[in-house]
Structures are given as structure tokens and as C-alpha cells.
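What follows is a single structure, and I will ask about it in a moment.
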Amino acid sequence: MNQSIKPGDNPDLTEERLSGTFDTNSMAAVIYGSDKLAQRRREISEAVSRIPELQDSKPCPFMTREEKILEGSRKSAILNRLLPGLIDLDSFEETVFIHQEVIGIEGHPLALHESLFIPPIATQGTDEQQKKWLGRAQRREIIGCYAQTELGHGSNLRALETTATFDISSQEFILNSPTITSLKWWPGALGKSANWSIVIANLIVHDKNHGPHPFMVQLRDEKSHEPLPGITVGDIGPKMAFNGADNGFLGFENYRIPRENMLMRHSKVTPDGGYIRPPHAKIGYSGMVRVRSRMAAEQGLFLAHALTIAVRYSAIRRQGYLEDRSREVKVLDYQTQQHRLFPSIARAYAFIFCGFETIRLYDQLLIDVQNGNTSGMADLHALTSGLKSVVTHQTGEGIEQARMACGGHGYSMASYISEIYGVAIGGCTYEGENMVMLLQLARYLVKSIEMIQNGKSKNLGPMVAYLAANESEIDLNLGPNEYLKVFQYAARSQAWRATEKFQKLRNSGMSKEQAWNQASVELTRASRLHTRLYIMSTFINHVGSVVDQKIKKVLIDLLNVHITYEVMDIGIYVQGLLSSDQMDLIRNQLYVSLETIRPNAVSLVDSFQISDMQLRSVLGRRDGNVYENLFKWAKSCPLNDKDVLESVTKYLKPMMDKSKL
Ligand SMILES: CCCCCCCC/C=C\CCC/C=C/C(=O)SCCNC(=O)CCNC(=O)[C@H](O)C(C)(C)COP(=O)(O)OP(=O)(O)OC[C@H]1O[C@@H](n2cnc3c(N)ncnc32)[C@H](O)[C@@H]1OP(=O)(O)O
Ligand SMILES: Cc1cc2nc3c(=O)[nH]c(=O)nc-3n(C[C@H](O)[C@H](O)[C@H](O)COP(=O)(O)OP(=O)(O)OC[C@H]3O[C@@H](n4cnc5c(N)ncnc54)[C@H](O)[C@@H]3O)c2cc1C
């Protein structure tokens with residue numbers, strides 16, 4: 001049964017919920033990985049809803065930027081006091097979840113503290129460094145951020161300009177921002193809130209530059225919160241979204257920190273100026289891999305937010321007629337609306353399943369690396385580079401379709417979809433701009449193909465083994481595994497096409513860099529197809545492992561939406577494999593699968609169990625009572641506090657009066 005049904009709900013939504021064929025709590029358990037985890041989310045939402053001081057003081061769209069930051073800080077401080085009674089303090093998931101529930105997605109002063117400041121200390125700090133800072137950070141005696149990007153440099157880490165020069169005589173590093181382009185720019189919470197930061201700077205010892213390394217740097221006085229001498233720091237101004245966070249700039253002028261403030265678990269500088277290399281050259285980049293490995297699930301949830309709004313609203317919005325002219329139909333009954341929304345529901349599920357898988361892979365890698373085994377780093381870097389790029393892009397597309405599916409009201413901030421969109425698409429840029437990261441995966445694919453060309457196919461990892469296969473015919477009787485083969489064909493032929501283009505250019509005498517650039521559009525296409533193949537195969541495997549038969553049945557229906565939609569979407573890449581009859585068959589299977597999933601559409605989005613508080617959308621309310629609440633929301637807009645505004649008395653009225661003469 002659908003657990004969201006309550007008395008007083010919009011009857012159209014109740015009708016939808018009654019037509020669902022499965023238990024939404026059981027589905028939530030599959031989405032979040034276990035009944036216990038899903039249950040914990042419900043318990044936390046429930047507990048938070050009973051604490052008056054944690055409620056929004058007014059709707060976010062009516063707040064100024066300063067009010068958003070104030071509100072986020074107020075709630076962060078209250079949460080810090082209440083957290084021990086509300087969540088398992090050792091659980092990163094519960095910590096992120098409760099902040100999102102209480103403060104929302106627009107960011108807050110501690111938004112980066114848990115995800116980008118604490119993890120580098122915990123994974124790249126020595127035992128002594130952890131003892132010194134981890135407890136303080138966890139108790140929030142200090143607030144931190146992660147300062148890597150500079151005004152002139154983001155994607156290309158090797159071009160960072162900030163320097164940390166070792167001074168043997170004082171046993172200190174001297175930090176400097178030598179140019180305007182070397183100012184740190186963008187770090188969340190840096191602008192006004194953080195008093196400490198992980199700073200990525202070029203390590204210079206005995207005039208030798210050892211490249212970017214992480215340093216623990218105090219920015220502000222712990223009593224007065226004033227910037228320390230040698231530090232220039234401030235907020236970079238309003239952004240497209242995420243305005244509850246104070247992204248900042250930072251400059252150093254001969255700013256000294258003790259030698260012990262370089263995070264030295266992997267690379268080390270000894271007191272006499274010796275440099276000890278890390279076990280893997282890119283180990284310092286692992287904080288980014290950690291965040292990327294979490295982005296598929298995060299983005300899947302952003303998409304889930306937008307779809308919860310659009311699907312619920314589409315079930316109560318009546319517009320136009322089908323057969324019965326006496327009552328307008330729910331817009332959810334239109335095939336175009338279903339085609340706009342249902343493939344995105346499938347993607348949201350797929351992204352979340354993939355996301356929990358990459359989180360698990362990262363956690364395993366972390367254990368391996370701590371035990372000295374870095375062999376899995378390249379694989380996970382390639383996988384998460386592709387995944388963050390594809391998932392953020394498709395999430396943005398899906399959210400925008402959800403907005404349009406809500407018609408005019410989707411454009412109002414009452415829907416909250418524009419904020420969800422603005423926050424989600426930030427992910428196309430942060431943690432590595434998407435094209436740049438697709439090209440990182442492409443390096444891996446090209447290397448894999450070169451292994452095949454050199455007769456070393458048996459050394460290929462399981463994720464790229466398909467590149468060596470030779471599929472040229474597909475059975476018309478298409479099941480999920482045949483769709484997978486179709487996708488493998490597309491990904492394989494594009495990877496070979498791109499690699500051969502690169503090699504041909506090289507063989508024509510072009511430099512490696514120029515040849516790479518000339519082949520790069522084809523290379524990014526190969527990376528996208530490879531990643532979409534991974535998403536599809538993870539989805540298929542996940543559904544295969546589900547035990548509850550009712551849940552499995554609806555997930556198979558959803559998987560059918562996914563595989564048919566995805567194959568139609570890449571039609572151009574499978575022209576050599578599928579006949580036009582086969583393409584027609586797939587197209588028809590997609591339309592049938594849209595109809596099949598229709599009765600479960602509302603239950604599928606209800607299963608994400610995103611509370612009204614977290615959703616912050618008038619259109620997406622659980623109870624479906626949209627119109628009366630839209631009217632209330634509009635009336636509460638500060639512009640309506642007065643009937644006659646100063647804009648009228650001061651300018652418009654005199655203008656009209658003058659025109660009358
Ligand atoms: C619902 C949940 C709600 C949660 C709410 C969350 C909201 C959050 C909102 C906002 C948070 C935003 C936080 C954002 C933070 C940031 O953005 S921090 C800054 C991030 N910056 C980047 O990501 C920069 C991207 N650039 C790079 O990573 C690198 O420059 C590079 C592109 C990888 C290139 O590096 P480099 O030049 O050093 O290396 P190459 O020459 O290209 O490659 C050399 C070989 O190294 C291999 N490599 C590279 N990286 C790694 C790695 N990490 N691990 C293993 N191997 C790596 C690469 O593959 C090459 O190998 P090859 O030679 O064999 O091909
Ligand atoms: C919301 C948000 C939060 C952020 N938070 C943080 C933070 O907390 N800490 C932090 O340090 N940073 C943060 N950043 C910065 C972020 O990591 C960078 O913006 C990101 O890495 C991209 O770098 P860039 O801005 O230099 O883009 P650029 O590299 O200048 O990209 C511009 C264009 O150039 C293209 N391009 C660049 N290099 C190549 C190449 N080699 N090949 C092909 N095309 C290329 C890109 O594809 C893109 O189209 C944040 C950014 C945002 C938007």
C-alpha cells in the first residue's frame with residue numbers, strides 16, 4: 001500500500017495512491033539500501049517536524065541572501081545542540097540528511113564542513129593531526145572549508161599558483177598568492193563563516209615545486225572571527241542558486257603556518273627539508289574522488305525532488321479532455337506528459353542505485369589505500385569522472401522537463417523547481433567541469449583499447465571487457481540483457497571510432513595534445529555512452545537482486561521504461577546493428593511501458609519519502625491541496641504587505657497624474 005494516504009488529501013492524489021500496486025515503505029527500503037536506513041529517515045523527519053525552532057521562519061523564496069545565511073546559521077547552531085538526540089553522530093548520511101531536511105538545499109555555513117573539510121583531515125592527516133583537529137571539527141568548535149579553485153584556475157590543478165614555501169629556519173610554510181589570478185575563488189563557507197580551511201597550494205622545498213598539496217590553515221581569529229594578518233577573505237557575491245552558502249575568495253601575503261600543518265599521511269616534508277613522495281602521485285586528489293563518488297546519489301535525489309513535485313502536481317492538475325467531455329483529465333494521463341516524466345523517474349532510481357554502489361566502492365578503496373594498495377585508484381577515478389558528468393547533465397535535463405511539465409506554476413518559485421535546478425546544475429561544474437572529467441574517462445577508454453590492440457585483452461578490468469567483444473547481431477526478442485548488448489555495441493563502436501580518430505591524427509604527425517583536442521568531441525561521446533552503459537547494467541543488476549516480488553515487478557516495469565528510452569535516445573549509434581523494424585519494436589515497447597507504469601507513478605515518487613519540509617514546494621505538497629495553498633503563499637509575499645507601494649506613490653502615480661494634464 002501507499003503509506004502517504006491521509007484524510008483530507010486531494011481526492012485525485014488519493015485515487016492515484018490507491019491504484020499503486022506496492023508498499024511505498026518497502027520501496028523506500030530498496031531505494032535507501034535497507035529498511036533500517038529508510039526508517040531512520042522517516043524517524044528523523046518526524047522528530048524534526050515536532051521541534052518548533054527548527055521550522056522555516058518564512059518561505060525561502062521570500063528571504064534575502066543575508067536572511068538565508070542568518071537562517072542557515074541559526075538552524076545549524078540549534079542542530080549542533082540537538083543532534084546527539086536526533087541522529088547517529090557517526091553517520092555521514094544522517095548528518096547530511098538532517099541538514100537538508102531542516103535547512104534545505106540552498107546551502108548553509110556548514111554545507112562543506114562535513115563533506116570537504118573533515119574527510120581530508122580524516123584520510124590525509126597523520127594520527128597526530130587527526131588527534132589535534134578532527135575532534136574539534138566534529139564538535140564544530142571550528143568551521144572549515146576546502147580552498148582549491150583559484151580565480152584563474154579550476155580545471156587544471158597543475159596550474160594552481162598559490163605557493164607554500166618551506167622555511168627550514170623557522171620550520172614553517174609561507175603561503176602566498178602571488179597574482180590576482182591566484183586568489184582562491186569559490187570555496188563554500190569561506191566567505192564569511194569558516195575560520196579554518198584545507199588549502200591546496202604548491203609545495204615548494206629548496207626551490208623545487210612538488211605540485212599541489214593540502215595544508216590545514218587557520219583563516220580567522222577564533223575569538224573575534226576577524227581575518228588574521230596576511231589573510232584577505234570575503235564573499236564572492238550572489239550566484240544562480242545556492243545562495244544560503246557564502247562562497248568566498250581568499251588571498252595570502254607571506255602567511256606563515258607550522259610545518260605540522262601540511263597534511264602528511266601520504267606525502268611528507270621532514271624538518272631538514274626532505275620530501276617523501278606519496279604511494280600514488282594522485283593520492284592528494286582522493287578528496288575529489290570521494291565527493292564525485294557521492295554525486296550520483298545526491299543528484300538522483302535532486303531529480304527525485306523535482307519529479308515528486310511534477311508527478312504529484314500532474315495528478316491533481318486537470319486540463320483538456322480525452323474521451324469524457326464532462327470533466328477535464330489529469331495531465332498525467334497525456335502520453336506526452338508521461339514521456340516527459342517517467343523516463344526521468346527511471347533515471348532517478350538508476351542514479352541512486354549507481355550512487356550507493358560508487359559510495360561502497362570508494363569506502364572499499366579507502367580501506368585498500370590505507371593498507372598501501374592503490375591499484376584501484378585509476379578505475380574509480382575514471383568511473384566517477386564519467387558518472388558525475390553524465391548524471392549531473394541528465395539530472396539538469398530531467399529537472400527542466402519537470403518544470404515545464406508543471407506549466408505556468410512550474411515557473412513560480414512556489415514550485416521551488418528553479419532552485420532545485422540551480423543547485424543541481426552546479427554539479428555540472430563543481431568537482432571538475434563535465435567535459436574535462438569526460439576526457440579523463442576517455443584517457444582510460446583509449447588506454448583500454450590500446451591494450452586490446454596490443455593483444456592484452458585479458459588484462460582488461462570487468463568494466464571495459466565489453467570493448468573487446470564483437471557483437472554484430474541482436475535477437476529481436478528483446479529482454480534487458482539484449483538491450484545491454486545493444487548499448488555495449490554503441491559504446492564499443494564509439495570508443496573505437498574515437499580512439500582510431502585520435503590514432504590516425506597522431507599517425508599523420510600531429511602532436512599528442514593536438515590530436516587529442518581534434519578527437520575530443522568523439523572522445524567525450526565515447527565516455528558518455530560508456531557511463532550510460534554502466535548505469536544501465538547497475539540498474540539491471542540491482543533489480544535482479546530484489547527479493548520482494550511486488551517491488552521487483554514494478555522495478556522491472558520501470559527498468560523497461562529505462563532501457564527502451566535509453567536505446568531510442570542513442571538511436572544514431574545503433575544504426576549499424578538494429579534494423580528499422582527493430583527500432584519500431586523498441587519504440588512501441590517504450591509506449592507500452594509508459595502505460596504500464598502509469599498507475600504506479602505517484603507511488604514511485606512517494607517512495608522517495610521526501611517530506612514537505614524538505615521539498616519546500618507548494619506544488620509538490622504530499623496532500624495535493626495545491627490551489628488554496630498557492631493563494632495563501634501569494635498573499636504572504638512581502639510585496640502584498642501593503643496595497644499601495646512606494647514605487648506607485650513616488651513614480652507611477654505622479655507619472656499618470658502628469659499624463660492626465
Ligand atoms: C541530496 C543530497 C544533498 C547534498 C547537497 C550537496 C550540495 C553540494 C553543493 C555544493 C558543493 C560543492 C562543492 C564543490 C567543491 C569543489 O568543486 S572542490 C574543487 C574541485 N576541483 C576539481 O575537481 C578540479 C578538476 N581537475 C582535476 O581533478 C585534475 O586537474 C585533473 C582533471 C584530474 C587532471 O589532473 P592532472 O593534470 O594532475 O592529471 P593528468 O595529467 O590529466 O592525468 C595524469 C594521470 O593521473 C590520473 N589521475 C588523475 N586524477 C586521478 C585520481 N583522482 N585518481 C587516480 N588517478 C588520477 C589520470 O587518469 C592520468 O592517468 P593516465 O596517465 O594513466 O591516463
Ligand atoms: C556551486 C559551486 C561550488 C563550488 N565550491 C567549491 C569549493 O568548495 N572549493 C573549491 O575549491 N572550488 C569550488 N568550486 C569551483 C569548481 O570546482 C570549479 O569551478 C570547477 O572545477 C571548474 O573549474 P573552472 O571554473 O576553472 O572552469 P574552466 O576550467 O575555466 O571551464 C571553462 C570551460 O573550459 C573548458 N575546459 C577547461 N579545460 C579544458 C580542457 N582541458 N579540455 C577541454 N575543455 C576544457 C570547460 O569544459 C568549460 O567549458 C565551486 C564551483 C561551484 C559552481
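Cβ atoms here come from the backbone N, Cα and C positions, even for glycine.
Annotations for this protein, taken from TrEMBL, read as follows:
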type	residues	note
DOMAIN	23-143	domain 'Acyl-coenzyme A oxidase N-terminal'
BINDING	THR149, GLY188	FAD binding site
DOMAIN	285-446	domain 'Acyl-CoA oxidase C-alpha1'
ACT_SITE	GLU431	active site, proton acceptor
DOMAIN	480-656	domain 'Acyl-CoA oxidase C-terminal'
Rounded to the nearest Å, what's the C-alpha distance separating THR149 (FAD binding site) and the residue listed as 'active site, proton acceptor'? Just drop the number here, would you?
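Rounded to a whole number, the Cα-Cα distance is 10 Å.
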List the same-chain residues at least 6 positions away in sequence whose Cβ sits under 8 Å from the Cβ of GLY188 (FAD binding site), in sequence order, or say none.
GLY107, ALA111, LEU112, LEU116, CYS145, TYR146, PHE242, ALA245, ASP246, ASN247
For THR149, GLU431, listed as recorded positions, tell me which one has the smallest number of other Cβ atoms within 10 Å.
THR149
Three states by DSSP: which one describes GLU431 (active site, proton acceptor)?
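DSSP call for GLU431 (active site, proton acceptor): coil, neither helix nor strand.
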Let's see if you can do this one: DSSP helix, strand and coil counts over the domain 'Acyl-coenzyme A oxidase N-terminal' (23-143), in that order.
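Reading the DSSP string over the domain 'Acyl-coenzyme A oxidase N-terminal' (23-143) gives 87 helix, 0 strand, 34 coil.
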Express the predicted model's confidence over the domain 'Acyl-CoA oxidase C-alpha1' (285-446) as a mean pLDDT, rounded to an integer.
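Looking only at the domain 'Acyl-CoA oxidase C-alpha1' (285-446), pLDDT averages out to 97.
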